[in-house]
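Data block below; observations after.
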Amino acid sequence: MILRPSLLAVARPLTTVAVAAAVRRGNLAGAEEAFASTQHKTTTTYNCLLAGYAKAPGLGRLADARRWFDSIPHPDAVSYNTLLSCHFACGDIDGAWRVLSTMPVRDVTSWNTMVSGLSKNGAIEDAEAMFRAMPVRNAVSWNAMVAALASSGDMGAAEDLFRNAPEKTDAILWTAMVSGYMDTGNVQKAMEFFRAMPVRNLVSWNAVVAGYVKNSRAGDALRVFKTMVEDAIVQPNPSTLSSVLLGCSNLSALGFGRQVHQWCMKLPLSRSVTVGTSLLSMYCKCGDLNDACMLFDEMRTKDIVAWNAMISGYAQHGGGRKAIKLFEKMKDEGVVPDWITLLAVLTACVHTGLCDFGIQCFETMQEAYNIEPQIDHYSCMVDLLCRAGLLERAVNMIHSMPFEPHPSAYGTLLTACRVYKNLEFAEFAARKLIVQDPQNAGAYVQLANIYAVANRWADVSRVRRWMKDNAVVKTPGYSWMEIKGVRHEFRSNDRLHPQLDLIHDKWDRLEELMKAMGYSPDLGFALHDVEESLKSQMLMRHSEKLAIAFGLISTSPGMTLRIFKNLRICGDCHNAAKLISKIEDREIILRDTTRFHHFRGGYDAREAPEHLNEPLHILVEAELPVGIIDARLMQVREILEDLLKPVDESQDFFKKQQLWELAMLNGTLREEGMQRSGSASPFHNSLGMKRAKTRG
């Protein structure tokens, strides 16, 4: 008889504990279920549930929070303070003020909640006025106000308040200053505060790692991370690893990224969705799509961010059809696309030449997915139309945007104008770009290149004088690669690399072998008014060619080369990379500003020949050697044989699109090859397609 009241007393707090535990896990539905099953609800039980609503903002959640608050028989100060947090979490500042005015008792937590809530919702002046008027302050009060001023970018006021803080041993106070200075780009000042910290916690270290990455100093971020791990000062968390892996992506440091992956596998961190997605993104951005695919397949839980990362990875590596198939699979598994998903799908269409499918996605995204097209979607559509040669439609798209077009839209149009030799639209795009950003060298350079292709050297000189008058500095092109953890950089016509003689010797031998296969330099990509012999020499010294030669002499036979370039790869280097991959029996993965190019066995091996991603008229106008035509026609035959296999209805659209492209390509190369060589190549008759038939 004595046990029953005791058991009941234990059961009551246990139900509250269940609610609190669910809230800590972020499981609001579980908290609501535990709350509903609690027969004897105390004020603490209600407060735990309210805390769950404060962590899961939304107008509907706020209404639920208000309803449960009104049900509390005797709300205490914690009840009111938690309700304040619910209003701020939903951005309802006016509602928070009303709650404050009805509170029977206000403690220091009430004031701190107001200061923090107002600052997080952008009302910095009101937060500062509240801080000044507080009847009593504690360490949390000072931390909240310093963090508010630092996050707003007012580092002068933040530092003044920091100096006046009565207690300066709290790591939170110091971390607010470190984060604030990192966010404003003053890395030196941030590190002064970090080094002077009396005590550091994980958040402090994370602020430094993330700050270095944000300020384009990823190498320093990796160094700090190594210090964290080696000294075992603190245990990194998913936030740490996300920043570190982003730094690896920015540096193309695949080796270090793999080390981080191996380190993660020894810890429970490897099961984190955030860590898995960060690793996936790192592999994609560092050029290792195979490991990215394996990691994605092994992930037990995939959120929308993971799906988006994999779809984007396929798109950037030229696997457009695989990206779209994965998009369809994602929808089949009940994952709702967001605006980033649709942007990745449109990017996939751009790099695969699926113009019609891309237009269909763009025009139906609001109706099908309730996603309003944003500026990035419009810019992607301009790129898609430009690559399809629909320049007039691209210009109309720019004019129809409901907002000021992003400079990338004009840049894309300008690039396409060079391909299609459209001076009218080129001058329009260049003017718009220069108005938006007079110091952006890209517009001047692109326009000068278009004039150079047209042999209008007087206009080239005029544009260069224009650049000089506006003090515009051209971004120098360079390529880099990582070998055994060491980063090697190459400029065009590089004269500084210590192994330059060996690089030139290797390239000279490659050039001889390439010419034996029918290669000749495409002088159209040497945009200088000099003699042809000098143009040819300049082409042979492009930075990506030097990087490829260095990679070949510095790695074991058969090893994949991963090369990165800060500008777009030129057409001559693209053709050379294809032939070198065949000569050396190597896979060469080269990333430029547009996408990854995978060269294997004499062609771009990622899902389809690279030329399918380029406007077809380039192949008509380019003076291709017969050897290259033969190699490309073999690619056509192999892929066509695969495409002619039976397909189900869901694949039919993409197959038809590629069949049309391949048929058109075959007709183009067939005609060009016969015209150049005087007779058909061995592979010309194997496909048996007539140009007239493709037009039908």
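Any Cβ shown, glycine's included, is placed from N, Cα and C.
Caution: TrEMBL annotation is automatic and unverified by curators.
As written in TrEMBL, here are the features:
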DOMAIN    518-602  domain 'DYW'
REGION    674-696  region 'Disordered'
REPEAT    76-106  repeat 'PPR'
REPEAT    107-141  repeat 'PPR'
REPEAT    170-200  repeat 'PPR'
REPEAT    201-235  repeat 'PPR'
REPEAT    272-302  repeat 'PPR'
REPEAT    303-337  repeat 'PPR'
SIGNAL    1-22  signal peptide
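Note: the domain 'DYW' (518-602) comprises 37 helix, 14 strand, 34 coil (DSSP; helix = H, G, I, strand = E, B). Here the repeat 'PPR' (201-235) returns a mean pLDDT of 91 for the predicted model. Residues 171-172, 174-175, 178-179, 181-183, 185, 187, 190-191, 194, 243-244, 246-248, 250-251, 253, 256, 260, 263 of the same chain sit 6 or more residues outside the repeat 'PPR' (201-235) yet have a Cβ under 8 Å from a Cβ within it. Counted with DSSP, the repeat 'PPR' (107-141) comes out as 26 helix, 0 strand, 9 coil. Across the repeat 'PPR' (303-337), DSSP helix (H, G, I), strand (E, B) and coil residues number 26 helix, 0 strand, 9 coil. DSSP labels the residues of the repeat 'PPR' (170-200) in these numbers: 23 helix, 0 strand, 8 coil.
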